[in-house]
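Notes follow the structure.
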Amino acid sequence: MNTSTNSSAFAPLKNDTFLRACLRQATDYTPIWMMRQAGRFLPEYRATRAKAGSFMGLATNTDYATEVTLQPVERFPIDAAILFSDILTVPDAMGLGLSFALGEGPKFAHPVQDEAAVAKLAVPDMDKLRYVFDAVTSIRKALNGKVPLIGFSGSPWTLGCYMVEGAGSDDYRLVKTMLYSRPDLMHRILQINADSVAQYLNAQIEAGAQAVMIFDSWGGVLADGAFQEFSLAYTARVLAQLKREHNGARIPRIVFTKGGGMWLKEMGLLDCDVLGLDWTVNLAKARAIVGDSKALQGNMDPNVLFASPAQIAAEATRVLDSFGTPYAGEGTGPTHIFNLGHGISQHTPPEHVAALVQAVHEHSRKMRA
């Protein structure tokens, strides 16, 4: 499938702060974007979703996906946009029958719970995900060079959790039962997932994504040893297949494992440019463990955004200071991208997000003065 677009189809980038920080180059201030920044906390998102009629109606319609991706960029002076989509588009394209019931999470009509179901799994035809790649190109054009566009996917392990459980889970009983009793089946699922995710992200890059992120949302539920074997190894398998550059521009690769603080040393060896951290990790300690080969992204607790603007600014300052002095020289050095430690809550007051963005930009400029 050819999803490739020529870079001349897009306006030149006006704000490359995020991409420079990803590549460990000096910037005038610390860039900020937020996981789930296009979402229910914005009244304009809720209005567009009502028009679309459902979550998948939103995600599969190029115009709606473009509209909601741009909403936070138009409202706040953030430094990157992230594609509006869902991590479960890939298993849906495998024929698992994804649906979103109102007020409930995602569900699969055909979970992968036995040998026969695993035997039927294959890397999906990327044409089934054409709506995602069309959205990437549409968003990139609509951004008109304002900020870079991040593409993303779930990690092989996180997708596997949903595929085996058939939905979200509190205890991961079904997927862990398979992992321990039939590791051969679990590995087969993860191999197919890794190769699917690599093709999916490469197609997003060809369509116009300027960075890509792998969300390992459920890596942290694994035991030590199991994490390395069933999550980290397959994230590495994805990274090994990803395009390093497109149309002459480097494409940064970001990996975020929620609950991955235990394994920073191993994650520091991944072939990626940026490690995303949740709020349980101290940035200075992470920097010491990971070394200067990776930029760090994170990691304020999203619930700080329910405090007052003054308290939000104080906490943002603390997070920035905990990373330490950002790099200011030639070449490359330690850099930080400000983000939350997980997705923003749908109940967050938008004006509190505005206060956060302002505080991050102001304090991080002072740090470089």
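Cβ coordinates come from backbone N, Cα and C, glycine included.
Pulled from Swiss-Prot, these are the features on record:
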- ARG36, GLN37, ALA38, GLY39, ARG40, ASP86, TYR162, SER217, HIS342: substrate binding site (BINDING)
- ASP86: site 'Transition state stabilizer' (SITE)
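Mapped onto this structure are the features recorded in Swiss-Prot.
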residue : record                             : DSSP (3 states)
ARG36   : substrate binding site             : coil
ASP86   : site 'Transition state stabilizer' : coil
TYR162  : substrate binding site             : helix
HIS342  : substrate binding site             : coil
- [ ] Would you kindly give the Cα-Cα distance separating ASP86 (site 'Transition state stabilizer') and TYR162 (substrate binding site), rounded to the nearest Å?
- [x] 12
TODO: Rank the binding-site residues ARG36, ARG40, HIS342 by the number of other Cβ atoms within 10 Å of each Cβ and report the first-ranked residue.
DONE: HIS342
Task: Cβ-Cβ neighbours of ASP86 (site 'Transition state stabilizer') (radius 10 Å) - done: 18
- [ ] Round to a whole number and give the Cα-to-Cα distance in Å for the pair ARG36 (substrate binding site) and ASP86 (site 'Transition state stabilizer').
- [x] 10
Open item on the list: Suppose we draw a 10 Å sphere around the Cβ of TYR162 (substrate binding site). How many other Cβ atoms does it contain, all chains included?
Closed with: 26
Task: Rounded Cα separation (Å) that holds between ALA38 (substrate binding site) and ASP86 (site 'Transition state stabilizer') - done: 12
Task: Cβ-Cβ neighbours of ALA38 (substrate binding site) (radius 10 Å) - done: 25
